[in-house]
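Per TrEMBL, transmembrane segment is recorded for 20-43, 55-74, 94-116, 136-154, 201-221, 233-255, 267-285. Here TrEMBL flags 37-283 as domain 'G-protein coupled receptors family 1 profile'.
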Amino acid sequence: NVSQVTEFILLGLSDTRELQVLFFTFFFLAYAMVLLGNLLIIVTVRTDPKLSSPMYFLLCNLSFIDICCTSVTSPRMLVDLLSQRKAITFEDCIAQLFFLHLVGASEMFLLTVMAYDRYAAICKPLHYTAIMSRQVCWALVSACWAGGFLHSIVQTLLTIQLPFCGPNTIDNYFCDVPPVIRLACTDIHVTEWLMASNSGLISLVCFLVLVTSYTFILVTIRVRFTEGHWKVLSTCASHVMVVTLFFVPCIFIYLRPFSTFPSDKHICVIYTVFSPVMNPFIYTLRNSEVKASMWKL
């Protein structure tokens, strides 16, 4: 395009040196927990034949996506927290934006598939093996990545066709659609509504499907509160908690015009850092089979 900007300056979370050191320590530990926790889940599921059900297959893929998601933003953020000048080239910024939306949208679709898997297992137990066969699982995971790619390529193409000729300061710690397109030297009302209808509606629809799925599960077990059903209820509650932690900030950020609201960089921390940290705890530490396999490993 006709952009004259060759790099962007990331303002980060704070310009206070003491806070930057504190943030570096916290986010370094969080990133290490994401890598170690999710790698442990992947190795455990791959090496234990007992964990071969569709639920664990999908959990393994969720762990891989969480590693990818946090690796898109965390390493550069950690480097920038120790740097005086937080610059990122135009090409690197667009690449970060593309991969962030690729793995982010893929995770949304995968969480929706995992909710459908729980619905099939609890509400249609006699047909579960046919509904969630290994071929179906692979097809669903492939569809999640394909959907994430289509979403991301649309966001990226809408961004790179904008001219950037003036300010180059991004009030965030990574490149995302809202703060980047605010810097465009043109009217972006049509573009931002197209992007909001893309990202925002995907987040909202996936969240509504998730809530509907868990509602059907609760309705199914409402009259039979045996010990096993209390376990199901507890598991669903924890899943809903982590799903809410991931989806609500995304809906808040993307389902609205970008140019009329201030930066949401502190809210972005929730779904780029906290959610990947919470997933290993929510989906494994409450699961006795996974914990037993981890101890054996």
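Backbone N, Cα and C define each Cβ position, glycine as well.
Predicted automatically and left uncurated, TrEMBL annotations should be read as such.
The stretch with the most CB contacts under 8 Å to the transmembrane segment (233-255), chosen from 20-43, 55-74, 136-154, 201-221, is 201-221.
Note on the transmembrane segment (201-221): residues 105, 108-109, 111-112, 115-116, 118-119, 122-123, 151, 229, 232-233, 236, 239-240, 243, 247-248, 250-251, 254-255 of its chain, located 6 or more positions outside it, place their CB under 8 angstroms from a CB of the stretch. Below 8 angstroms of C-beta separation, residues 12-14, 59-60, 63-64, 66-67, 70, 74-75, 77-78, 81-82, 273-274, 276-277, 279-281, 283-284, 290, 294, 297 of the same chain, each at least six residues beyond the ends of the transmembrane segment (20-43), sit close to that stretch. For the transmembrane segment (94-116), the partner stretch with the highest count of Cβ pairs under 8 angstroms, out of 55-74, 136-154, 267-285, is 136-154. Tertiary proximity for the transmembrane segment (136-154) is limited to same-chain residues at least six positions away from its ends with a CB under 8 Å from its CB atoms, namely 54, 57-58, 61, 98-99, 101-107, 109-110, 113, 198-199, 202.
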